[in-house]
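Quick one: the structure is below, questions incoming.
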Amino acid sequence: MERTYIMVKPDGVQRGLVGEIVKRFEQKGFKLAALRLMTPTEEHLKQHYKDLAEKPFFPGLIKYMTSGPVVGMVWVGKGAVTTGRKMLGATNPADSAPGTIRGDFCIEVGMNICHGSDTVENAEAEIALWFPEGVATYEKSEDAWLYEKRN
Ligand SMILES: Nc1ncnc2c1ncn2[C@@H]1O[C@H](COP(=O)(O)OP(=O)(O)OP(=O)(O)O)[C@@H](O)[C@H]1O
């Protein structure tokens, strides 16, 4: 089953939007497989955002992302990566449609509340980076969601 890594960034945590974001993913029908409040290290963030290392905004991005705790989550379900990105909205909130998380709750690209994996491959790499101990997974049975520990 497809999985995505969603992270509520420091501004989202500080503004009390964790519950709102969790609610939207739950209501959409995705299943929560992992959730953790954590204060990321600079090293972890440099790995997470390694493709952006040469961008002029990179130092500011690292400063922003280490300004307070974040909430990392793994959501599971059909199309979790693509649909998750649609639910977040465009990177720049000015381009995010109302009804998306960024479209509804922010105005600055440098403080855009949440992260969502952009490909299935990157989602798996990000899940391994942020939850190295492994996360729960779901298997659909006829009448229940069953839980088992992922290796
Ligand atoms: N021009 C910019 N100025 C300041 N910050 C920026 C700018 N562009 C991107 N960022 C920050 O860097 C993050 C990563 O940029 P990226 O281009 O990977 O967008 P994204 O994939 O939509 O975002 P994310 O990876 O956080 O989900 C953005 O979410 C934003 O916080």
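The first residue you see is number 1, and the count goes up from there.
Glycine is treated like the rest: Cβ placed from N, Cα and C.
Whatever TrEMBL says is automated annotation, not expert-curated.
Annotation source TrEMBL lists domain 'Nucleoside diphosphate kinase-like' at 1-138. The feature ATP binding site is assigned by TrEMBL to Lys9, Phe57, Arg85, Thr91, Arg102, Asn112. According to TrEMBL, the feature active site, pros-phosphohistidine intermediate maps to His115.
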Looking only at the domain 'Nucleoside diphosphate kinase-like' (1-138), how are its residues distributed among DSSP helix, strand and coil?
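So the counts come to 62 helix, 31 strand, 45 coil.
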Let's check the environment of Arg85 (ATP binding site): how many other CB atoms sit within 10 Å of its CB?
19
For ligand 1, list the binding-site residues among Lys9, Arg85, Arg102 whose CB atom is within a distance below 6 Å of it, in sequence order.
none
Give me the long-range Cβ neighbours of Phe57 (ATP binding site): same chain, 6+ apart, Cβ under 8 Å, in sequence order.
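Correct list: Gly110.
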Assuming the binding residues for ATP are exactly those in the record, Lys9, Phe57, Arg85, Thr91, Arg102, Asn112, what is the maximum CA-CA distance in angstrom, rounded?
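Largest Cα to Cα distance for the ATP-binding set is 21 Å.
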Over the domain 'Nucleoside diphosphate kinase-like' (1-138), what is the model's average pLDDT?
96
